[in-house]
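Structure first, commentary second.
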Amino acid sequence: MMEVNSTCLDCRTPGTIRTEQDAQDSASQGLTSALAVVLIFTIVVDVLGNILVILSVLRNKKLQNAGNLFVVSLSIADLVVAVYPYPVILIAIFQNGWTLGNIHCQISGFLMGLSVIGSVFNITAIAINRYCYICHSLRYDKLYNQRSTWCYLGLTWILTIIAIVPNFFVGSLQYDPRIFSCTFAQTVSSSYTITVVVVHFIVPLSVVTFCYLRIWVLVIQVKHRVRQDFKQKLTQTDLRNFLTMFVVFVLFAVCWAPLNFIGLAVAINPFHVAPKIPEWLFVLSYFMAYFNSCLNAVIYGVLNQNFRKEYKRILMSLLTPRLLFLDTSRGGTEGLKSKPSPAVTNNNQADMLGEARSLWLSRRNGAKMVIIIRPRKAQIAIIHQIFWPQSSWATCRQDTKITGEEDGCRELCKDGISQR
């Protein structure tokens, strides 16, 4: 009986091993597929979103200020990983290993580090800019004039390059098969890993935390009228801009904190801590960090009204590159109309098409207006106004930065419209 049981156990053991191995392989394939899906989604949103951010600032003069210069810089840093490192990681995932050679591995690791550190330092620069704008408003124009702002931006990227160069001398850029990436190896040098975490993560985030805490304190004091001596009036736009960048900071900290704290723990006691870290947690911490690069552009669109409006204009211009017809004659947006205005005759239609960026229809107090926006001269011309029951022509022109908001157009022309 003992021999039979022993024989049966011997017969079942290989099958059990194969079953466990098959389960592990299946789980590994499922995890790999999930990582590929997450990375593809991140690349698409990263590229489209950050291009929208850059185009929005370039197109809209309302967004062209010192603070948004660092926002564009942050978008460029986020774009870097989507253009090269993430695609080669995808290749490694599909090939189930690194097949591109050591040169591509080093380039990918360098650009990955450049993007990450550039993002950290740009977020820090944005926080300092917001702090100076709100807490030291009287000196802000001197601190952030055009020349000094470009100097700050250049300094940000110089520090970024200086911070990433030591990786080549330490030899810490290596391929890690668990995450299919050529990245910073946490176990190469404990002292260097601790230095990286402190300089690249803890110190910048401490500076950002200090800046935003001071802003929050000031906002609360002004709101409850504790600071009667505060000269600048905090507008809702200022508060929304501050809130937007604060959310950017919080999400960055949340996405990157697990990876940095794991690296710090491993560096302090590598032989004891490293074997105890589950592989799924290690992989999750990396892909959380990777995912962060696509979030900022989404945050701007959700929380910042100016960016959201410019996103819509850019996307609409892709659908109707010559004219956009927005009908709000019934008090709400009904959609885009692809029909020309009845005011546009055969004689002047070509000229209007040539200089018009978009066509906006609205009705207010029984009047229907067609507004042509001229992007080159930033002018608004109300070329047709129909009153019920009678019709009349009216024109109003003025150099302005208004870009089509209904309230702005009403203010522009309410004081007097010259009859043709």
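Any Cβ shown, glycine's included, is placed from N, Cα and C.
Annotated features in Swiss-Prot:
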{"type": "TOPO_DOM", "residues": "1-34", "note": "topological domain 'Extracellular'"}
{"type": "CARBOHYD", "residues": "ASN5", "note": "N-linked glycosylation site"}
{"type": "TRANSMEM", "residues": "35-55", "note": "transmembrane segment"}
{"type": "TOPO_DOM", "residues": "56-73", "note": "topological domain 'Cytoplasmic'"}
{"type": "TRANSMEM", "residues": "74-94", "note": "transmembrane segment"}
{"type": "TOPO_DOM", "residues": "95-106", "note": "topological domain 'Extracellular'"}
{"type": "DISULFID", "residues": "CYS105-CYS182", "note": "disulfide bond"}
{"type": "TRANSMEM", "residues": "107-127", "note": "transmembrane segment"}
{"type": "TOPO_DOM", "residues": "128-152", "note": "topological domain 'Cytoplasmic'"}
{"type": "TRANSMEM", "residues": "153-173", "note": "transmembrane segment"}
{"type": "TOPO_DOM", "residues": "174-192", "note": "topological domain 'Extracellular'"}
{"type": "TRANSMEM", "residues": "193-213", "note": "transmembrane segment"}
{"type": "TOPO_DOM", "residues": "214-245", "note": "topological domain 'Cytoplasmic'"}
{"type": "TRANSMEM", "residues": "246-266", "note": "transmembrane segment"}
{"type": "TOPO_DOM", "residues": "267-279", "note": "topological domain 'Extracellular'"}
{"type": "TRANSMEM", "residues": "280-303", "note": "transmembrane segment"}
{"type": "TOPO_DOM", "residues": "304-420", "note": "topological domain 'Cytoplasmic'"}
Outside the transmembrane segment (74-94), six or more residues from its ends: residues with CB under 8 Å to it: 32, 35-36, 39-40, 42-43, 46-47, 50-51, 53-54, 100, 104, 107-109, 111-112, 114-116, 118-119, 122-123, 126, 175, 179-181, 248, 290, 293-294, 296-297
Fewest other Cβ within 10 angstroms of its own Cβ, chosen from the disulfide-bonded residues CYS105, CYS182: CYS105
CYS182 (disulfide bond) - helix vs strand vs coil (DSSP): strand
Long-range neighbours of the transmembrane segment (280-303), counting only residues six or more past its ends (CB under 8 A): 31, 35, 38-39, 41-43, 45-46, 48-50, 52-53, 56, 71, 74-75, 78, 81-82, 86, 115-116, 119, 178-179, 181, 183, 240, 243-244, 247-248, 251-252, 255-256, 258-259, 262, 311
Residue numbers, six or more beyond the limits of the transmembrane segment (246-266), whose CB comes under 8 Å of its CB atoms: 74, 116, 119-120, 123, 126-127, 184, 186-187, 193-194, 196-197, 201-202, 205, 208, 212, 273-274, 277, 281-282, 284-286, 288-289, 291-292, 295-296, 299, 303
Three-state composition of the topological domain 'Cytoplasmic' (56-73), taking helix and strand from DSSP: 15 helix, 0 strand, 3 coil
For the topological domain 'Cytoplasmic' (128-152), residues assigned helix / strand / coil by DSSP: 22 helix, 0 strand, 3 coil
